[in-house]
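As recorded in TrEMBL, the features of this protein are as follows:
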- Ser15, Arg57, His58, Ser90, Ala91, Thr189: phosphate binding site (BINDING)
- Met188, Asp212, Tyr213, Asp214: substrate binding site (BINDING)
- 9-247: domain 'Nucleoside phosphorylase' (DOMAIN)
- Ser170: site 'Important for substrate specificity' (SITE)
- Val225: site 'Important for substrate specificity' (SITE)
Amino acid sequence: MSRLTPHRTGIIGGSGLYHIDGIEVLDTLTIDTPYGAPSDELVLARIGNQEIVFLPRHGRNHSIPPHKINYRANIYAMKLAGVNRLISISAVGSLRKHIHPGEFVLVDQFVDRTHGRESTFFDGPIVAHVSMADPVCNELREELATACRKADITTHQGGRYLVMQGPQFSSRAESELYRSWGMDVIGMTNLPEAKLAREAEICYATVAMCTDYDCWHGQEEDVSVQSIVEVMQQNVTRAKAMLHAFFAGYQQSTCHCGCREALEQGIFADLSSLDDDAIRPVHALVARLL
Ligand SMILES: CSC[C@H]1O[C@H](OP(=O)(O)O)[C@H](O)[C@@H]1O
Ligand SMILES: Nc1ncnc2[nH]cnc12
């Protein structure tokens, strides 16, 4: 594998998406990172004429809960595998009547209600403060919107994703509170993932697949794993069709979004004054700035 050839699209599969059918597997990559091991082997594969890197975020047997995922290792491994765009596929609950189970939301904002998760690569002595004003890459999101249209999936453009800690679902009071905050969907995984992708200068966009109405609705069943699984199977079939549509006729991305230069305005250190020990844990992220 040619590592650090930054042109690949990464796909992080969420609940229900542990492999993608109809792809040509080229290699499986066991990657170690300064942050430990990612959730599973990375699968290097070809879809159409594009190389992709796939990783199931909870592991292929769904054995890692959201609060135990090593998000830093996952994103760093993607960086080492030459990924410069990352598609996150995620199951979410709907906090809005008009977002029905079975529909997709191309979210554009997140609110973080997680705690105790390692959420930065820059733990010192290299300090960085990257912008998260627009956490999702708009260009990637628009391309995903086109793919959803081609795959004939009912999709909402834009939406606010509340990232809760889990693994328990919300109380009714929390669910109502998040609705009063203007949030549209709820899940447990996309932060710190999106923050780390930004620090790694990887374009990031989420395809949120709605499975349930959480517990605020009144007329609809409260969320449970059983109710999620029923809808999730169909959502995953749609997601696979969307991914194939995305890569059919894919042009190499020349994103002008700014995601890939995020550190230029974010690093609060003179890299030339730092020694190898300081650089080592973030070497793959800052190499282009040295
Ligand atoms: C198994 S349902 C709850 C679980 O599903 C979502 O995960 P992902 O974003 O990886 O699809 C949600 O965030 C919870 O982790
Ligand atoms: N209601 C919900 N809350 C949190 N994560 C979810 N994933 C799918 N549905 C969810």
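Quick reminder: no glycine exception, Cβ is built from N, Cα and C everywhere.
The Cβ of His58 (phosphate binding site) has 22 neighbouring Cβ atoms from other residues within 10 Å, across all protein chains displayed. Looking at Ser90 (phosphate binding site) and Asp212 (substrate binding site), their Cα atoms lie 13 Å from each other. Annotation note: Asp214 (substrate binding site) sits in a coil segment as assigned by DSSP. In this structure the C-alpha atoms belonging to Asp212 (substrate binding site) and Ala91 (phosphate binding site) are separated by 9 Å. Highlighted here would be the recorded positions (Ser15, Arg57, His58, Tyr213, Val225) whose C-beta falls below 6 Å from ligand 2, but none qualifies. Checked against ligand 1, the binding-site residues Arg57, Ser90, Ala91, Met188, Thr189, Tyr213 give Arg57, Ser90, Ala91, Met188, Thr189 in sequence order as having a Cβ less than 6 Å away from one of its atoms. If you take the CA of Ser170 (site 'Important for substrate specificity') and look 10 A around it, the binding-site residues you hit from Ser15, Arg57, Ala91, Thr189, Tyr213, Asp214 are Asp214. When pLDDT values are averaged over the domain 'Nucleoside phosphorylase' (9-247), the model yields 97. Here the C-alpha separation of Asp214 (substrate binding site) and Arg57 (phosphate binding site) works out to 22 Å.
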